[in-house]
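*Asks:* Marked as transmembrane segment by TrEMBL: 55-77, 98-126, 146-168, 175-195, 215-243.
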Amino acid sequence: MTALVRSELRKVLTTRLWWILLLAALAWVALSLGLAVFASGVEGGLSRDSTAYAASVWTMGASGNLFAMVIGIMMVTSEYQHRTINVTFLTSPRRPPVILAKVVAAALVSLLFGVVVVGLSSLAAGASILTGGGGLDLVDNQVPRILVGSVGAYVAYAMIGVGVGALIRNQVAALVFGILWVFMLEPLLTVVPQLQDVGKWLPGGASTALYDTGIVPGFAGLLPVWGAALVLVGYAAVAVGLASVTTLRRDVV
């Protein structure tokens, strides 16, 4: 298993994929933070010295977790697209360990990914708060929990991405599904009050619960942190389990 994980890490880290997605995630988070700063200057917006503004910008680092899912999806679908999956399965004839190795490798890469994105985002968030006349108040604003939860969301989404990529082997279809899910369906089910009872059990609602402090309105009724973590682990386990079963039953073409 260790050899398989090393092999999967080499496949990712020796290509341009991970750092291109890293730059894209940083750009997306920077855009989100920039919009928050701009909105603070608009009438009715959150003042930059307010607790609600601080809670909002501290969570901006988590907004790039879609790119972690993309990493997981492409770790699988790119092998089918380029037909290298045949060599991978010949190296390890038992297919479930290959899927598991991809999950572990995706978790490790996304952990590094999340630390970099969330770390740089937190520096920018802190600067925007201080220059706006606010105070950091790291403990009162539950910043450590927000940062750890944000990184955890990256890891969870990457693991789920591997499962999605193994289930939907067509790269374009898998990416479109992931983007539509993250940007359209999940926000709708998480933010709309009438749908939150459903949305809080989905990956988006569970990941939000990891870093939401309850200060920013619109995310009421989320799961407790421990419950959210269990739900995300469950989603990853189900996705990987289904992927392993379907991979066993499919022919590699």
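Cβ from N, Cα, C; glycine included.
Any TrEMBL annotation is an automated prediction that lacks curation.
Bear in mind that the values here come from a model prediction, so they are computed numbers and not experimental data.
Context for these features, please: burial, neighbours, distances.
*Replies:* Same-chain residues lying 6+ beyond the ends of the transmembrane segment (98-126) with a Cβ under 8 Å from its Cβ atoms: 1, 4-5, 7-9, 11-13, 18, 21-22, 25-26, 29-30, 33, 54, 57-58, 60-62, 64-65, 67-68, 71-72, 75-76, 88-89, 92, 136, 143, 147, 150-155, 157-159, 161-163, 166, 236, 240, 243-244, 247.
Residues 55, 58-59, 61-62, 64-66, 68-77, 99, 102-103, 106-107, 109-111, 113-115, 117-119, 122, 174, 177-178, 203, 206-211, 213, 225, 229, 232-233, 235-236, 238-240, 242-244, 246-247 of the same chain, all 6+ positions outside the transmembrane segment (146-168), place their C-beta atoms under 8 angstroms from a C-beta of that stretch.
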